[in-house]
Amino acid sequence: MPGQGLPLRVATLLTGLLECLGFAGVLFGWASLVFVFKTEHYFEELCEPDAGPMGNVTGQADCKAQDERFSLIFTLGSFMNNFMTFPAGFIFDRFKTTVARLIAIFLYTSATLTVAFTSADSALLLFLAMPMLTVGGILFLITNLQVGNLFGKHRSTVITLYNGAFDSSSAVFLVIKLLYEKGVSLRASFIFLSVCSAWHVGRTFLLMPRGHIPYPLPPNYSYGLHSRTDTTEGEKNTAESDKVEMQSKEFLPAKEETLEPGKKQEHRSFWRYALSQRFAFHLVWLSVIQLWHYLFIGTLNPLLANLAGGDRALVSTYTNAFAITQFFGVLCAPWNGLLMDRLKQKYQKEAKNTGSSATTVALRSAVPSLALTSLLCLGFALCASVPILPLQYVTFILQVISRSFLYGGNAAFLTLAFPSEHFGKLFGLLMALSAIVSLLQFPIFTFIKGPLQNDPLYVNVMLILATVLTFAHPVMVYWECRREWGSPAAV
């Protein structure tokens, strides 16, 4: 049975990686697609002739309104990417994997077909297509994250790998841009993406469970086509997965064995975790760093146009460079997971002597990851704030590493810090609340374009200060663990 199961699990892992890499987070390659849309004259009617200081019309058009329209589409799409994660998580938890994936396929196919048959005259349809594209993509990601449960101690590495693939999928729009410059139409590229839905359907029924993949994985667990243990044993084991983990010889301290049943049940309440200080700090940490990334991606095209003095060839070169660096997110993210897995294994050995709980061990392994992610974002923010065009190459590198660490570390932290049966709902609630903060990107962009007259200095300073405050989260988690370390000694 193990010999038969390993090829299936590896196939599930690799095809899931390909799915996240090619489809899940394509919206974040928006800068490449905006370049194509502008070439196709989308929203060009919003451009106005630029009047000089004496009122004379110059040769260059003022396309501030066009840039704002594209920024608004990205803001809406990125908002839906996060906000709809909560209902998507509920659908995944309540209706299981197959239903969630079929909804994802429907939304994704509808979105790609809409873009394929959109023209400059019907460009407003992008307001419908991009949110559908992002919601379908996030459902692909959520249903694939559980694949990490198949690989035991490498769980965090797989989760961060998938999140890195999600980041790297933004390079898909670069491929579409390059193909467009070689003569392949935008319609042909998006019709191809639509046809790929047949592959998604096949993977749904052949390589994915009908229910959930439990953690820890029970003996003789099977899934896929004609599996009988998938929706029976699997669901039962999912409900008790954390109980099994807490009873493991490697972690269990004596004081947790005598926990009263009523108290145990209260501790496992969803709202108890959702309203906790730990969740609140993590929400602020994610929201601030994510706002930086969304604002940078959504305004990259006008930023580069401003720094390049309107030189389209130079803008195209830097847009390609940005998209290429995004592809390497899949290589950056696993290092975060490896760091967390290695630290967790180290702290598990120490827990035998200290009597620390499984939760404390998991939280200790997350502290360096949280702090490193904040540090990377701070470096990225500082470079992005300097208006020197060649320096943006460094900005691109730091941005992709920071973003890979952010989302991979976010998902891994939730799996380590909270019970697995609440993962879908907590992940969705976290992303939905952070989506509300992400809506600030559009008024910030409008404020920079209007009152600040394209000078983002004051906005950047405020956001950098907010980024410094995100270091409070790893500090809080560290002190929480420190209190736990001291308690066994005091008994």
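Note that Cβ sites are derived from N, Cα and C of the backbone, with glycine treated the same way.
Curation does not apply to TrEMBL; its annotations are automatic.
These figures come from a predicted structure and were not determined experimentally.
Your range for transmembrane segment, going by TrEMBL and the list 70-92, 185-207, is 70-92. Contact between the transmembrane segment (279-297) and the transmembrane segment (426-445) is supported: at least 3 Cβ pairs lie under 8 Å, counting only residues 6 or more apart in sequence. As a quick check, the transmembrane segment (370-390) and the transmembrane segment (457-479) clear the bar of 3 or more Cβ pairs under 8 A, pairs 6 or more apart, so the two touch. Long-range neighbours of the transmembrane segment (426-445) within the same chain, counting only residues 6 or more positions beyond its ends whose Cβ lies under 8 Å from a Cβ of the stretch, are 68, 71-72, 75, 78-90, 138, 142, 270, 273-274, 279, 282-283, 286-288, 290-291, 294-295, 298-299, 410-411, 414, 418, 459. Here the transmembrane segment (317-339) does not lie next to the transmembrane segment (99-117) in space: the count of CB pairs under 8 Å, restricted to residues six or more apart, is fewer than 3. If you look at the transmembrane segment (99-117), the same-chain residues 6 or more away from its ends with a CB under 8 A from one of its CBs are 23, 88, 91-92, 125-126, 128-130, 132-133, 135-137, 139-140, 142-143, 186-187, 189-191, 193-194, 197, 200-201, 204, 208.
The stretches the transmembrane segment (12-37) and the transmembrane segment (123-147) are in mutual contact, each linked to the other by at least three Cβ pairs under 8 Å (pairs 6 or more apart in sequence).
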